[in-house]
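Peer 1: Below is one structure. I have some questions about it.
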Amino acid sequence: MNLSIVGTGYVGLVTGTCLAAAGHRVACVDVRANIVEMINSGRPPIYEAGLELLLSQVIRDAMLTATTDLDSAVANSDVTMLCVGTPTVNSQTDLSQIQLASQSIGGALRKKTAYHVVVVKSTVLPGTTEDLVQPSIENACQRKLGEGWGLCMNPEFLREGQAVEDCRWPDRIVIGVSDDRAAEVMRQLYAGSHCPLVVTTPKTAEMIKYVANSLFATLISFSNEVGNLCASVPGVDAREVWRGVHLDRRLTPMRAEPGKPAEVVHYLWHGLGFGGSCFPKDVAALRGFGKRNGVATGLLDSVLTTNETQPLRMIDLLEKEMDVPNKKVAVLGLAFKPGTDDLRDSPAFPVIRALKKRGAKVVVHDPVAMPLARRHDELSGVDFASDWQDALKEADACCLVTSWSEYKAITPEHCLQFMRQPVILDGRGFFDPTSFTRAGVIWRGIGYTPIVPLPAVPKWD
Ligand SMILES: NC(=O)c1ccc[n+]([C@@H]2O[C@H](COP(=O)([O-])OP(=O)(O)OC[C@H]3O[C@@H](n4cnc5c(N)ncnc54)[C@H](O)[C@@H]3O)[C@@H](O)[C@H]2O)c1
Ligand SMILES: O=c1ccn([C@@H]2O[C@H](COP(=O)(O)OP(=O)(O)O[C@H]3O[C@H](CO)[C@@H](O)[C@H](O)[C@H]3O)[C@@H](O)[C@H]2O)c(=O)[nH]1
């Protein structure tokens, strides 16, 4: 099938690349000429694990091209996917990118006679596809929905850092369709997928996306509240508590083969709270939607409040150890999670803001997000380290914010060797508290307060 993708950011580029790898011919459209140029040369403008290799393959095989020419991309395709941004501003979704892009797609459809399906992949509140996208296209193309074109709402569930895998192996595909003809085209598009296809109305598809994100955000805030409770009881490690809870078969389906251990769900761990471009904005948008519809959303309010205060727990831990003014504090990890360079709503920012406000000298490091970080307004006045060793040098404390696997190389010995004061604030339950504490490092974590002094190591000989 020939596809055009409008908006070539995290979702558009990954979706376009994976669909091209699945055998579709894809034209990626963006208003930013610089990223179009990068894509055409096989270089992704974003960091996403596994994307560069797949993109270079589909570019080499001429299955994907990028362009700023939306008209010709729409004219030469059967399906157009709308993947532009939908930021939340003051609990309201800013739909300006959706509106503009819909008008442009409608304008292109005006000159087209062959049947075409427009697919909304961006996350939009219930009603947006039918009340905004549809009339915008109808006005621009001068044809009603069903007169040579169909509409579909097809939410995206990929996670950054695992986006290529999620896109190629989704758990389910949800399509909210305007009519049977559009549904048939979508079935053909996803014919190679081996997962359940949920066919529903556009409004229900829109709601499914917000409910999925809000459910996970709610569970993470709950996990963080539990982590905070565990930390108030020295010796109780929230990681162990969660393992004990997760093994319930309602959360972790047991393996069929007897005798094989269950794989514990690898989600819902406590830490610095959720960040990224989706959970904070989507929960806030659903809460705003509820308020406008006169529906109380007390639970969602609490989810956001817990999330806002969670990064500051790291500062509380630090202040218990030292007077912060003029201390050098290393912040390891800036991306909102490992595997991506995305800095949007990263918990690193409230931590850094609070450190700067208290007069700390902040030095930051991230394995992939440094180029974006250097241009970030909030990071003016901080020092950028070349690697984690450089960040730890002469530091009075180190805040572990993002659980990049390369930070696993940090040992207690490194802390003792490089730091002025070996104080580790672990925001992700990342390091082993026992080995760090035994070696003489002051380890403080969210979700766990070690019993100090530690019990003696048992001797076996
Ligand atoms: N990032 C994620 O992990 C993720 C996952 C699932 C769903 N979503 C949703 O998908 C949507 C896109 O998210 P994103 O993170 O990819 O956004 P993004 O900001 O990374 O990308 C949006 C792109 O659209 C381009 N654009 C804007 N207006 C355009 C126009 N008129 N014509 C052509 N291009 C245009 C921008 O230049 C930008 O490159 C949002 O609604 C988001 O909520 C995001
Ligand atoms: O147990 C957990 C899991 C995640 N997080 C945090 O939650 C945030 C989001 O993580 P994750 O869900 O892995 O990444 P996203 O890329 O934001 O993906 C979410 O948002 C996307 C955009 O809507 C959806 O498509 C995905 O299904 C949804 O998981 C990150 O800050 C994580 O550190 C936790 O604190 N604890």
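Even glycines carry a Cβ here, placed using N, Cα and C.
Nobody curates TrEMBL annotations by hand; they come from automatic prediction.
So TrEMBL lists the following for this protein:
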ACT_SITE  C278  active site, nucleophile
BINDING   D30, T86, T123, E160, K281, R344  NAD(+) binding site
BINDING   F157, L158, R159, E160, K209, Y267, L268, W269, H270, G271, G275, K337  substrate binding site
DOMAIN    330-433  domain 'UDP-glucose/GDP-mannose dehydrogenase C-terminal'
Peer 1: When you rank D30, E160, K281 by Cα distance to L268 (substrate binding site), which of the binding-site residues ends up on top as the closest?
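Peer 2: Of the binding-site residues D30, E160, K281, E160 has its Cα closest to that of L268 (substrate binding site).
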Peer 1: Per DSSP, how many helix, strand and coil residues does the domain 'UDP-glucose/GDP-mannose dehydrogenase C-terminal' (330-433) have?
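Peer 2: Its residues fall into 36 helix, 19 strand, 49 coil.
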Peer 1: Note down the number of other Cβ atoms within 10 Å of the Cβ of T123 (NAD(+) binding site), including every protein chain shown.
Peer 2: 23
Peer 1: Go through the binding-site residues T86, T123, K281, R344 and tell me which ones have a CA within 10 A of the CA of G275 (substrate binding site).
Peer 2: K281, R344
Peer 1: For the binding-site residues listed here, R159, K209, H270, R344, which shows the highest count of neighbouring CB atoms within 10 A?
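Peer 2: Answer by Cβ density within 10 Å: H270.
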Peer 1: With the Cβ under 6 Å from ligand 2 as the test, give me the qualifying entries from the recorded positions D30, E160, C278.
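Peer 2: Listed by sequence, the hits are E160, C278.
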Peer 1: Please list, in sequence order, those recorded positions from D30, T86, E160, H270, C278, K281 with the Cβ less than 6 Å from ligand 1.
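Peer 2: The recorded positions passing the 6 Å Cβ test are D30, T86, E160, C278.
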Peer 1: What count of other C-beta atoms do you get within 10 angstroms of the C-beta of E160 (NAD(+) binding site), across all chains shown?
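Peer 2: Looking across every protein chain shown, the total is 25.
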Peer 1: Using a 10 Å cut-off on Cβ-Cβ distances across all protein chains shown, tell me which of the recorded positions (L268, C278) has the largest neighbour count.
Peer 2: C278
Peer 1: Cβ distance under 8 Å to K281 (NAD(+) binding site), same chain, sequence separation 6 or more: which residues?
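Peer 2: Non-local contacts for K281 (NAD(+) binding site): T86, P87, T88, D345.
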